[in-house]
Amino acid sequence: MSLQLNGKSRGTSPGNAQPLPIFDALCRSLPVGTADEQFWWKLTGRHLARMMLEAGYPEHRQVECLVFHRFKVVPTFGPQPRSAEPWYRSRVAASAGDGAPISYSWRFGTADRKPYIRNYIEPLGPLTGTAADPNNDVATRAFLQDLTTTLPNLDLSLFWTFEPHLVSRFSDKADREKYAGPSVLTGVELSPDSDAIDIKMYLYPRNPEQISQLLSTIIPKAMRDAYGEDVCLDSLNIVKDFLTNHPDGRQLKPRGTTGIDCCKVQDSRVKFYVATDNTSFDHIATVMTIGGRRPLSTEVLDKLRELWYELNGLPSDFPTSEQVPTGQGQELPAGHHGVGFYYDIQPRLALPDVKAFINVRKHAKSDLAAAETVISFLERHGQGHHNPRAYLNVLRDIVPAEELETRVGAQAFYSVAVKKEELDITAYFIPQVYRRFASVQVELNGQRRSRFE
């Protein structure tokens, strides 16, 4: 029996029948809002509630984050889906997404840090997708302005300094139409042990010429504007030298995205994203160590290789210098094979921090196989103290078990960083709003929409 949401069915999850008491209580108490808001709340609010419950968030924090999500985030998602084709294709989750304006991440945690959750969103508004707002800036600006009255820890000064350098502006109508598309995304971090909600911004220039100039001119100029003319650019210059002069570095392609934290300027990261075609482990290890400038222990490199091989189904004696074979019948898009990285080039770091991103659709047989591989790896290496298997309950709340076992698509990436000799792993996944359109309608409403609706 489905629960009632102010007289309307709350719906059921596709594969996890365990109750969500805090979410259910809020559904009974909060204002209904518009039909569009109710759709997004019933879907994404339930997902968020499941994530926080499984991650062991304190009850008061669950309430706080859910109320913030309902009244600050949900209204930015725009019209609910009317078909399997999005009315506006968001850049959230990039090529792994289905056009929905939200995705999620689950950080499994390390010995000294509990699991925690982020949402990644692209606010949508009345001008989104129109000639008046070709890069969907207006809704994001309105959202950020709203947050300044809500989040006392929010500091947007670095974002507003970087934004004019990194967001493309076109005076010519033909160029505006040619390069129309999302240019800014927002990350919403919900830590379990904090009363703050942290905001991250991701900027993407639409003009390809700008992407090629990011490291050489655009980001250095933005950093001088933000930090002063005497800002230390050592980390940036190390990455630039690696990409320019090292054989493995020259294989990296800038993705165009620059990520920054909306906190005190001196504490913010500046993340520069790249990707590669080369899937050999030797290449991946070289990129992670920046050509040996940021050395990793043999133990850590062995763990990285073990995880990479297991995700790809490779035997333990597979040569580290060889490319991962493309599976028979597996179709891969042109360009990189699903391995990306970011370098944190903030001024206070003598050496950049590095994180790798592994595309699940290109490096795993199924969503469940990928999740089981990562969870078993964490348990085997003594990182099971935060119950990583709780993540499976989150996936089952989004996608039925049979789909998890046979398909890829619910998960976008796994990221891997190194923290104190441990692998710090995060899963990135999407709510399947459009990819599972018909099923989502059944789960939320209890009946299929008419094909003519």
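The backbone N, Cα and C atoms fix where each Cβ goes, and this holds for glycine too.
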According to Swiss-Prot, which candidate in Tyr414, Tyr428 joins Arg118, Lys200, Tyr202, Lys271, Tyr273 at the dimethylallyl diphosphate site:
Tyr428
Cβ atoms near Lys200 (dimethylallyl diphosphate binding site) (within 10 Å, other residues, all chains)
20
Do any residues at least six apart in sequence from Tyr428 (dimethylallyl diphosphate binding site), in the same chain, have a Cβ closer than 8 Å to its Cβ, and if so which, in order?
Ala93, Ala96, Ser103, Tyr104, Ser105, Tyr120, Gln411, Ala412, Phe413, Tyr414, Ser415
